Amino acid sequence: MPKVKAEKKSRIHNDVAKQGIVFNKDFGQHILKNPLVITSMIEKAAIRPTDVCLEIGPGTGNMTVKILEKAKKVIACEIDPRMVAELQKRVQGTPMQSKLQILIGDFLKNPELPFFDLCIANVPYQISSPLVFKLLLHRTFRCALLMFQREFAQRLVAKPGDKLYCRLSINTQLLARVDLIMKVGKNNFKPPPKVESSVVRLEPRNPPPPINFTEWDGLTRIAFLRKNKTLAAAFKHTSVLTSLEQNYRLHLSLNNMDLPKDFDIKLKIEEILQSLDAEKLRARTMDIDDFMKVLHAFNSAGIHFS
């Protein structure tokens, strides 16, 4: 007789299998199941008894209950009502119940974040970048311990000249100190994702850099569009020139200044870059100080990126 294939249950977490809760791919649900990895993350977070911890995407609460053992309070943000019910059931009737606050909904759509000291999260990969900057622009917390897809984590810590160095790298490092903490294999999750993961620690810079982040982001967006090209080449695109000229005209209007006769935005940009000897610089090798000098020179000349 032919062998009967065993029914695959790998995509259903053991704790919720009886209730038939299948994980939602749209939410990027991959539950961290290995207690050793969870314990290691908790240790590296260095939770204090007075800490309020924010957990994004607690799932069935494997990590949540460990955080609750050490923290004063846990605010868990969960988008899936099924997981919320499972988490509530897990702490019901225990001393942990009064220490847990659950926010139901999309973390990225929450206009105001609650106060917290630490953030710990197994981040759904599709929201990694917007989540990082929502946290860092909030900035009133001590540190965040976040699990990402490994290549994303490597981009966060990449240095000028590295293959993976990109706009994400420099924008993150402007706002925070970033360290790779540990690697986590795909088999530590259920269901296992298609990629390996890494845990990253983010510590917001305090005090924050004296810079307008929107302006900074506009500059790095242009420079890293073709990171191997020179800045001179990056600023010659018609769309870039049009946008910067509009911003310049608005700057003059707001300051009751007239547009100089025979004004040419292309020539003005070239003059600024030449004054810094920056026309031959390439984004892939530029560090934070390089970009700060370029941004200051443009802004001083009345050219803005937002």
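Even glycines carry a Cβ here, placed using N, Cα and C.
Predicted automatically and left uncurated, TrEMBL annotations should be read as such.
According to TrEMBL:
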BINDING   His30, Leu32, Gly57, Glu78, Asp106, Asn122  S-adenosyl-L-methionine binding site
DOMAIN    37-206  domain 'Ribosomal RNA adenine methylase transferase N-terminal'
Judged by the number of other CB atoms within 10 angstroms, which among His30, Leu32, Glu78, Asp106 is the least packed of the binding-site residues?
Asp106
Inside 10 Å of the Cβ of Gly57 (S-adenosyl-L-methionine binding site), count up the other Cβ atoms and send me the figure.
24
Can you give me the same-chain residues 6 or more apart in sequence from Asn122 (S-adenosyl-L-methionine binding site) with a CB-CB distance under 8 Å?
His30, Ile31, Leu32, Gly57, Gly59, Met63, Met147
State the mean pLDDT for the domain 'Ribosomal RNA adenine methylase transferase N-terminal' (37-206).
94
